[in-house]
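See below for the structure under consideration.
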């Protein structure tokens, strides 16, 4: 073959290879286009892999999970019918408290992306329990955590994550803009209540299934505020308590009945010389009991109980085992406010069992440290300080904070009674520690009628952080 023939032969071979390669590329493009058309036609929208999406269709929750298999998204669906959380059962009989969750948020936040929070609380649907919390629009160990000791700011939001997990941007969902909040599930959807705005004109925004359904305007123009724990649902209606007025004197208190996110009824309590803040509410035999904070003049806790028509009764826990902080040493109680060390206070809870009461309280009488559960078999109505059970939760040498109640309905647990539970906030940072921030983690316990143990489950983070030095 002469040189010209060799050149022609090599050129022909290259041209054939090029044509074949071009045809393969065209075929590949057509294949990808057809595959994409089929996929989007079936799913209607592109979704990220390994993500769970919940949609609401005709009163049925549809759980959709996309699973990544060989770069192809396959959609699996499992429909879960909604229920009505009746709340008609009585509280389960219990002999003690079993540890349920601990998020270790501050320890994890020294190195990971964890929100600066306060006022965490837990609420359960018939499918899951979630931790709700008020963020400060900042992460731990970051410059924006500076000054987060402040209670009310436009940066605070209500968010939630699965119970027991540290609250981070990666596992949390936004619920509402709020510096005071509550949330609960009626068996069909989540109701959230978020209060934000100026002290002299704040507004509570009600959302149902994530959509704004109603609002409540401050009626006394003096820091409208709500529970900082779960609202309570009975037979499709949910109930919450709000306060508006002075934190150190007579204020105004209202109960709200809410159905599918809309206020259907409210009543203002006729409660002279009473002070209700940050109520912890739970259903029991079709009615609601709330145990609250007296920030004015009581070192024992006020309560209000009401039926679904908002017909109510009010009182104070009579026990000489006092539940607030600060408080005097245990002694003789009163069915009205106990005045010694009665000013200021802390959010807390109790569970009523007939004439008896489980009282949760800090171990210290004057600082937010330690926590214990006490069973006073006559404490709801009797004024002595005799009790029969004390269970340690946090040692007096470790910080605690707010505490509150939540319940697990029979639709979740499968038992024929309402399980009482509680959470404890473990506050760290300012004003007691040398940091630029204030935040907290949380633990929770549920009542059982079997073996339990007392111990100390503290926050456990070593401070200060890098940002504080």
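Residue positions begin at 1 at the first shown residue.
In case you wondered, yes, glycine gets a Cβ from its N, Cα and C as well.
Cross-referencing 284, 324 against the Ca(2+) binding annotation in Swiss-Prot, which names 294, 298, picks out 324. Geometry remark: residue 294 (Ca(2+) binding site) versus residue 402 (active site, nucleophile), CA distance 14 Å. The closest partner of residue 402 (active site, nucleophile) among the recorded positions, by CA position, is 324; the full candidate set was 151, 298, 324. Its Cβ taken as reference, residue 324 (Ca(2+) binding site) is surrounded by 27 other Cβ atoms within 10 Å in the chains shown. The separation of residue 151 (active site, proton donor/acceptor) from residue 324 (Ca(2+) binding site), Cα to Cα, is 20 Å.
Between the listed recorded positions, namely 151, 294, the fewest other CB atoms within 10 angstroms of a CB are found at 151.
Listed in chain order, the residues near the Ca(2+) site other than 294, 298, 324 are 275, 293, 295, 296, 297, 299, 300, 301, 302, 316, 337, 338, 342, 345, each with its Cβ within 8 Å of the site Cβ centroid. Note: the Cα of residue 151 (active site, proton donor/acceptor) and the Cα of residue 298 (Ca(2+) binding site) are spaced 23 Å from each other.
Around residue 298 (Ca(2+) binding site), the C-beta neighbours below 8 angstroms that are at least 6 residues distant in the chain are 275, 316, 324, 337, 338, 339, 342, 345.
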